[in-house]
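In what follows, a structure is listed as structure tokens, so that the remarks can point back to it.
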Amino acid sequence: MGGAGGRPGFYVGLGLALASSAFIGGSFILKKKGLLRLGRRGRARAGQGGHAYLQEWLWWAGLLCMGIGEAANFAAYAFAPATLVTPLGALSVLVSAVLSSTFLNEQLNVHGKIGCILSILGSTVMVIHAPQEEEVCSLESMAEKLKDPGFIVFAVCVLVSSLLLVFVAGPRYGQSNVLVYVLVCSAIGSLSVSCVKGLGIALKELFSGKPVLKEPLGWVLLVCLVICITVQINYLNKALDIFNTSVVTPVYYVLFTTAVMMCSAILFKEWQHMVLDNIIGTISGFLTIVSGIFLLHAFRDIPFNPDLLPLFLQQGRADLHASWRSADRHQSCQHQPLLPSEDKGSHSAEEEEEGESV
């Protein structure tokens, strides 16, 4: 993190990324609360084709939070490297899980709590070791980066592989393999993040008074972003319609973030000035977040009970309970002589009194 103190833009982007995760995670809770209120009133639910949620202020509050979160995430790419901003999006899942257990009475099991802790630790490690040198500060430098042969090869590979997945692998394996459609979303998503970063830089220049609207690159990036987002939404909905959400979400996060980090490394050269320990720290933080998200989603509906423990832990637990029971019995045996002696003495006194009366 050398030179971090002279990079206020980095901390602005970091703050925007964290705020984005908080708003997006909270938006799901507000929307869910609004839908639950409608269900208690007997109104037609959204899953049944009803649109009564449009009259619920909580739902609109959730939608507003979602919009603020997405705007903050959009702005974060203009200040901080994509290698940092994209992985921090996992915190929205963490915020949603914690708030749902608090306000929606949804159970957060042991696996989920461990996953939340791992996500926080991984995010902290990534913030400490993430690249902080901004390589693109204007549309002119963005145009130069887009002409780089390495990025052109990467973009061609992404487009060709996506077409093969859609038209060749999709009809054969799309209904049975979750990777097919999720890979399409992730690969195209890496290009959309690059477009978002370019548009964020264009907005910064626009607010500073530069004639950005006359630059064709900004409009080209906007059109490419709309196309990429449309493709992402289409194939992500296909994956969610076929497979369980608890499977799609962690797989999509891992593949999407990996693709974005690869694209950023090739296009923006964000890793070029990083030392080895920061590279290892960034990768380690990312893998820690991946582990946390996997635990949070994959075992969300599995209750934790002692039978899930390994056999040696179950044996140790049984031995511990046995020792506790033996200790309890030992303590009760120590007290046993006192009680019978008192009972025995009282019985003998009563017998003597009966004998004297006779």
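Every residue, even glycine, has its Cβ placed from backbone N, Cα and C.
Per TrEMBL, the features are as follows:
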REGION    331-358  region 'Disordered'
TRANSMEM  12-30  transmembrane segment
TRANSMEM  51-69  transmembrane segment
TRANSMEM  75-98  transmembrane segment
TRANSMEM  110-130  transmembrane segment
TRANSMEM  150-171  transmembrane segment
TRANSMEM  178-202  transmembrane segment
TRANSMEM  217-235  transmembrane segment
TRANSMEM  247-267  transmembrane segment
TRANSMEM  279-299  transmembrane segment
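For the transmembrane segment (75-98), the list of distant contacts is 9-10, 12-14, 16-18, 20-22, 24-26, 28-29, 69, 108, 112, 115-116, 119-120, 122-123, 126-127, 130-132, 134, 193-194, 196-197, 200-201, 203-204, 249, 253, 256-257, 260-261, 263-265, 268, 270-271, 282, 285-286, 289, 292-293, 296-297: same-chain residues at least six beyond its ends, Cβ to Cβ under 8 Å.
Contact between the transmembrane segment (150-171) and the transmembrane segment (279-299) does not hold: fewer than three of their C-beta pairs are under 8 Å, each pair 6 or more apart in sequence. For the transmembrane segment (110-130), the list of distant contacts is 1, 14, 80-81, 83-84, 87-88, 90-91, 93-94, 97-98, 101, 277-282, 284-300, 302, 304: same-chain residues at least six beyond its ends, Cβ to Cβ under 8 Å. Listed as Cβ neighbours of the transmembrane segment (247-267) (distance under 8 Å, sequence separation of 6 or more from its ends, same chain) are residues 81-83, 86-87, 89-90, 93, 145-146, 148, 150-151, 154, 158, 178-179, 182-183, 185-187, 189-191, 193-194, 236, 239-240, 286, 290, 293-294, 296-298. Sequence-distant contacts of the transmembrane segment (217-235) (same chain, at least 6 residues past either end, Cβ-Cβ under 8 Å): 139, 142-143, 146, 162, 166, 181-182, 184-185, 188-189, 191-192, 195-196, 198-199, 202.
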